[in-house]
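Participant: Feature list, courtesy of Swiss-Prot:
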{"type": "ACT_SITE", "residues": "Cys164", "note": "active site, acyl-thioester intermediate"}
{"type": "BINDING", "residues": "Arg66, Gly67, Gly68, Asp69, Val70, Thr71, Phe72, His73, Ala133, Ile134, Gly135, Gly146, Phe147, Ala148", "note": "substrate binding site"}
{"type": "DOMAIN", "residues": "28-203", "note": "domain 'BPL/LPL catalytic'"}
{"type": "SITE", "residues": "Lys130", "note": "site 'Lowers pKa of active site Cys'"}
Amino acid sequence: MILNDLGVVDYAAAFSLQERIADGVYRNATPETLLLLEHHPVYTIGRAGCEENILDHSIQAIRISRGGDVTFHGPGQLVGYPLINLRPRGCDLRHYLRFLEELLISVVADFGVSAFRVPGKTGVWTDQGKLAAIGVGVRHWVTMHGFAMNVNNDLSSFERINPCGIATCPIASLERLCGCPIAMDEVKSRVAGRFQGLLDEWLPAAGAL
């Protein structure tokens, strides 16, 4: 597994990189990879998305191939794009989604935050609102897209959309929940440290001991 911390990058550049890595993973020419990054401000619209859920068009909106509806990405939000071959791991996309939720729930617990799933909705939630959005796509059973967790970002841009198609969806950030400054590098470190072990626990590869 390769970890690549990209810093703050444009959405289009990150998507192009995902495509190249996913193709390499499919051909067994590239190791599975976790990209961690932040985006410049952008709205993304998933396959189930409706442009009417964007209430303000001052920020670029891009329609993409992940599942889900509309969400916002910007600095201070940790985005993770795992490029994982699910074929030797059982081709179980729903279980993969639950793995991503468990990863983030376990990470924020390190900061004293109690997060949880909501039945029938993909993502990570807290008593104060939704903390992380999750939307994935697959090509030849190689995953693309991933998760976006609010760490220390300005949440006002979420007020100009119906996030994930939910008109009254409150949005939380790790920093607001903790009531103190949270360093992005610390969150990245905890995500990176847990990712491989939890992936192998939830989705063990065929033949793995």
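Glycine too: its Cβ is placed from the backbone N, Cα and C atoms.
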Participant: Please work out which residue of Phe72, Phe147 has the most C-beta neighbours within 10 angstroms of its C-beta, and give that one of the binding-site residues.
Facilitator: Phe72
Participant: So what's the average pLDDT for the domain 'BPL/LPL catalytic' (28-203)?
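Facilitator: PLDDT averaged over the stretch: 89.
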Participant: Gly135 (substrate binding site) has how many other Cβ neighbours within 10 Å of its own Cβ?
Facilitator: 26
Participant: Under a three-state reading of DSSP, tell me whether Arg66 (substrate binding site) is helix, strand or coil.
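Facilitator: Where Arg66 (substrate binding site) sits, the three-state DSSP reduction gives coil.
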Participant: Using a 10 Å cut-off, grab the number of neighbouring Cβ atoms around the Cβ of Lys130 (site 'Lowers pKa of active site Cys'), all chains included.
Facilitator: 22
Participant: Once the chains shown are all counted, how many other Cβ atoms turn up within 10 Å of the Cβ of Val70 (substrate binding site)?
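Facilitator: The answer is 26.
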Participant: Near the Cβ of Ala133 (substrate binding site), how many other Cβ atoms are there if near means within 10 Å?
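Facilitator: Around the Cβ of Ala133 (substrate binding site), 28 other Cβ atoms lie within 10 Å.
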Participant: What is the total of other Cβ atoms whose distance to the Cβ of Arg66 (substrate binding site) is within 10 Å?
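Facilitator: Result for Arg66 (substrate binding site): 21 other Cβ atoms within 10 Å.
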